[in-house]
Each structure stands twice: as structure tokens, then as C-alpha cells.
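Okay, structure first, notes after.
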Amino acid sequence: MGRVAIVSSLVILAAVISSITSYQVKPANYAKLIEKQKKFDEAFEKEFYVEHTKYVETGEQSERLQEMFEHIRQEPDMFRMEMDNHPLPYLTAECTACRALVTTYLTYRRVLGWDRDRIALQAASTCETLNILTPPNCLKIVNKNIDILLYIIDNRPSLTAQTICGIIFQSGTCVLEDPAFLNWSINVQPGGRPITASKTSPNRGASDLKIIHITDVHYDPHYRTGYNAVCGEPCCCREGQGIPANPADGAGEWGDYRDCDSPWKAVEDAVRAAARQHPDAAYVYYTGDIIDHGVWETTVAGNIVSMTRTYQLFRDVFGSKPVYNVLGNHENNPTNVFAPSYITQSEFSAKWLYDFSADQWSTWLPTASQQTIRQGGFYTVLVRPGFRIIGMNNNDAYTFNWWILYDPAYLQAQLQWVHDTLLQAEAAGEKVHILAHIPIGAGTSYRTWARQYRRILDRFWDVITAHFHGHTHADEFNVFYSLANPQHAISAGFNGGGTVPFSNYNPNYVVYYVNPQTYDVTDFESWYFSLTEANQNPNRNPIWMQLYSFSRDFQLSNVSPASLDGLVHRFASNPAELRRYWEFKVKRGDPFIAAGCDGDCLLNHLCQIVTNEANDDTKCNALAAIFRNLDDELFNEEK
């Protein structure tokens, strides 16, 4: 993620990050470090405003302002990482930047009365100073988001920098304290089967259903083989970025490990390979992100073209086989921004996307699903007697959805609908799969929303049999623990990874085996190809191979929450086995393997598996105690 301004920082960082999600284990003296950091941030915030105001008045940056910009300047590698994966020192500096920049720009707007164009130009200048995008693209990304942000700021005069940064970062000194953002809740119906132990499920059987899970194709219509893959922008390999002098810096035929999305031929090959290798699959899940990472120049018309082409590919390849889709955070324009349904201004509303999705998905969904898709991009469908799917649009709870700042309680409506749908499913004796793009409970899931979802899961833990996610591009799983009884593992989330190599990954898809009576996932396997090998042989299609069969490779009888909880504890006491999981998670991407993963890195990945809510470190701390003593030196600063 990054450190930027109310319009420059927030906008650009939120728009361009993606990629691997992990978790940052906190040092034993974290509380002490945070107290020290609070004092630093308060002083930095005040001084930055003074120095930046001088710069605005004179046109010259003081030596001190240059030092302050250097302190908050984004490291290039951070652009392609989800914020969860940023090392603690970076997260700390990013929070410092957020508070300083947002306070400064709020003052310019509310106190000094700056107009829209002046703020846009200054924010674009900040973007340029921090080397986030090229100057023209800085202005483009600011202009795509500024009207939304100013509408929110102007209509929420009590909104502070602390709250804004607390929503986005949810950690360190950026702690959410505003009761309006913490204290809303949904109504959970009493009842349900008591949680008395971790949830078990059947072993894999010969009659199990097969489900193909494809996600995050990130089709880039501007991808060009041989064009610059080290362009200095958050997304490369695109026409307009030129052909590099060094051929080694050119984009590969089938994609590129660097910050590049997928050419159409790679998207098509992945979908056709999945269908060809698993013709007996009953269903297909697609968990979002069709659109590319060139977020500064996306358009509604362009997004429609890319999505239409991709959905048509699904129809052509899978024929009558049902494909169940959910929206990714990249599908809307601007990226990440999903307004409440009562916001009807055409320039803010996502209605175009919901109407388009309802029309496209009608191939696979009944007419009864149309209403909620057109309302908010979510739906439910009875797949067969006893088996239901809920497709969520949890992009509204992504911490980079600016509309959370406007009205956090608008998220209640969809969550309440999920609860009510599960209540009806329970009464009908149905089991439910939940599809959602953002991994539920990840550090970029709005904390209060995640807590309310955990209440739902506690109530319907025996109705929901599995969760399926995308977004991170990592081939990973999560274990959900009861909010009321944290010792009990009650559900699992499975991530399809992604067919896009952005960034450093090999493309993959996942196949699940599902018990046809209980609809529990009994096993799963991942299929991938080596991007290095494919690009060395550009004139033939990539060779898809099995990356793993989970139960076989980890010696499990099944992949129930109870079994996965046991595996997590094995990981904590066996770093070699944890390292193997990490290799599978990064899909043996050559750059990841070359860089390696040390003890701290492995522990971060371990903790990510068991973290269900931002700032809930209970499970992580317990595993860390097994894995090793926490390192107090994670912050490179004096104590």
C-alpha cells in the first residue's frame, strides 16, 4: 500500500495495491513502540502542515520538507503488496504519512477553502513528489477519485484524519476510535447448534462433486509482448510504455513475473486448460477481478468490453456448466469504490456495474437473483436441492472503499441479507457455500464488518460449509475460529490464487472435491504452469501441472476445519512443513523462491491463516509462542 495524501496518497495506494496478503507479527514490546510512535506522529503531523504550507505559498520546498517527504516516500516494491504484507516499519511510516497528509489537505479544504481544481493539482504534485506515478498519470488518478472524496469530506464535517487513517490502516497509531465506525451491528437471530468442538467433515470419496475455482485473471487489453516490464509504474508491459533497450526487460509472451497483468491469450489458455483437464467438474466458481491494474486510465466503457469478453469466454468454454461469479474490487470505475445504493448521482453510483452484471450472469442464475444483483451486486441461488450458494459483494467492506467514510452503517444491509438468507437455508435444511472476492477477515476487511460477519458465522457455522475467495493472488487457505469459543475451528476459507502472474507468481487455478450430501470440501488440488518455462517456449501453449493435492501432500484424512487447525499447529512446530506450504502459496514463482522466506516471513504467513479480524492477534500469538520467541527488533529504530 503506501503513504499518500487525502487524494494523492489514499487514492493511488488504494488503487494500485494487490498481490500477496500476509500478516505482520508484532514484537513483544509493540505497545511501548506505539506509544513512542504516537508522539512522533503528532509532532510530524504539525510540522508537516507548517512546512507544506510554506511550500504552497513560495513554490519552494524547504530542506526540512524534503526530508519529511523522503521519510514517507513509498518503496517501489510496496505497490504490488496488499497492506497486510508490508513490514511493520513501512506500515508505521505509511500511517505517519496518512495522518500528516490527510490533516494538511483537510485544512486546505475546510479552513482555507481550496476549490476542487487547486486540491487536485496539489495532490497530483504530491503523487509526483512521492514517485508513485508519472506526472500525467498522477493527475489522471487524482481526477478519477477527487470528486468522490470531496463529496464525502464536505458532507461529513466531523470526519477527522485519525478516523480516515484508522479505517484504512487499522493498525499502529492509525487506530479507529470513532464510535460511529465501531458500534454498529446487525440483528442475529438466536438459536443454531451450539459450538462444542472444532468442526469435522467427511473424507474424500469416489462420488464427490468437483468444482473448478478460477479467479483474478486481470486481463489487460493493453498488454504487449516485448514492451517494458520495468516501466516504473504500478502496472507495466503495456503499449505506450515503450520497448526497452534491454530485451530482458521486455514483457513475456504468456505474462510476466514483474508488475504486469495478463494478455488475452493467457486468460483464454487458463480457462480452456481448466475445462480440458477437468471435464467432469460440476460447477465453476469465479471470484472476481477481470479488470487490469492500469487504474489511472480505466473507463466504464473499457471495463464493460473486458468483462463482456471474459464472460463470453466462460460461456464458450464451459457451455451449459454453471459458472457462479462475484465482483472484484477492480470491476468498478474508479477501482475499489462501491457507493451505497441510495447514492444515485451517476458519477458516483455503481448501478451501471450491477445492471451489467445482472444481465451477464443471467446465463447462469435464475430470474429471482436479479433484484439483489441490481441493488448491490450480491445474490443467492439454490444450486440443487439441499445446496445453496451466496455470492457476496464484500468489496463494500474493503478499507479502500471511500464510502465507508461516508456511512459505515450502509454495510449493514448486505450483511443482514446474508444472515436472513442463511436463516431461511437453515430452515430448509440447506448447506451453503459463500463466495466473496476479498478474503473475509483479512486485514483490509473493515474491522467492524469483520466482527459482525463473525457473529453470523458463529450462528450458522453448521450451515456454511466453506468460503471461497480471490484478490490476493496467493494459493492459500484460512481457518475461522468461533468468536464466542476461540479454541474451536468452525469454518475454512479457500483462495483460488489467480491466473495472473502479477506479481512474481505462476498462474494457477484450484479444483475442490465436495461431498454430495454434506457439501463439505473434502480435498482440493492446485494446477499451475511455470511462467519461466512458458516464456522460454513462446510458440507453444504452457504446460499445466498439478502443484499439489492437499490431503496427500500434507498427510490429512480430510480438510475439515478441525484437520486444518491441526495442520496449522503442525506448521508452528515444524518450519520445514510450513516452508512447503509457503512454496505452494506463492505457487513456486521463481522470484519468490529466489528471495526465500526466513523465520519471520514464515511466521507472518502462518499467522495470516488464523487471523479472522484486524487487530485480533490471539491465535497468532499462541502460534508464535510455539514457533519461536518474538523478535523485539522488527522495528529498525532505537527502543
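A Cβ is built for glycine as well, from the same backbone N, Cα and C atoms used for every other residue.
Fair warning: this is a prediction, and the values are worked out from it, not measured in the lab.
Per TrEMBL, the features are as follows:
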SIGNAL    1-22  signal peptide
DOMAIN    91-178  domain 'Saposin B-type'
DISULFID  C95-C174  disulfide bond
DISULFID  C127-C138  disulfide bond
BINDING   D216, H218, D289, H473  Zn(2+) 1 binding site
DISULFID  C231-C236  disulfide bond
DISULFID  C237-C260  disulfide bond
BINDING   D289, N329, H437, H471  Zn(2+) 2 binding site
DISULFID  C597-C601  disulfide bond
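Here the features listed in TrEMBL are painted onto the structure.
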residue	record	contacts (Cβ under 8 Å, 6+ apart)
C174	disulfide bond	C95, C98, R99, Q162, C165, G166, I168
D216	Zn(2+) 1 binding site	T287, G288, D289, G328, G470, H471, H473, G496, G497, G498, T499, V500
C236	disulfide bond	Y227, N228, A229, V230, A251, D256, R258, D259, C260
C237	disulfide bond	D220, Y223, R224, Y227, N228, A229, C231, A251, D256, R258, C260, D261
With a radius of 8 angstroms around the mean position of the C-beta atoms of D289, N329, H437, H471, what other residues of the same chain does the Zn(2+) 2 site pick up?
D216, T287, G288, L327, G328, H330, N395, I438, G470
Would you mind ranking the disulfide-bonded residues C95, C127, C138, C260, C597 by how many other Cβ atoms sit within 10 Å of each Cβ and giving me the lowest?
C597
Work out how many Å separate C597 (disulfide bond) and C127 (disulfide bond) at their Cα atoms, rounded off.
32
Helix, strand and coil totals (DSSP H, G, I; E, B; other) for the domain 'Saposin B-type' (91-178):
64 helix, 2 strand, 22 coil
Provide the number of Cβ atoms within 10 Å of the Cβ of H218 (Zn(2+) 1 binding site), excluding the reference atom itself.
29
Can you give me the same-chain residues 6 or more apart in sequence from H437 (Zn(2+) 2 binding site) with a CB-CB distance under 8 Å?
T287, G288, D289, V326, L327, G328, N329, N393, N394, N395, H469, G470, H471
Of all the recorded positions given, namely C127, C138, H218, which is spatially nearest to C601 (disulfide bond) at the Cα level?
H218
Rounded to a whole number, how many Å is the Cα of H218 (Zn(2+) 1 binding site) away from the Cα of C138 (disulfide bond)?
22
I'd like to know the mean pLDDT over the domain 'Saposin B-type' (91-178).
92
Provide the number of Cβ atoms within 10 Å of the Cβ of C601 (disulfide bond), excluding the reference atom itself.
17
Quick one: give me the count of other CB atoms within 10 A of the CB of H473 (Zn(2+) 1 binding site).
32
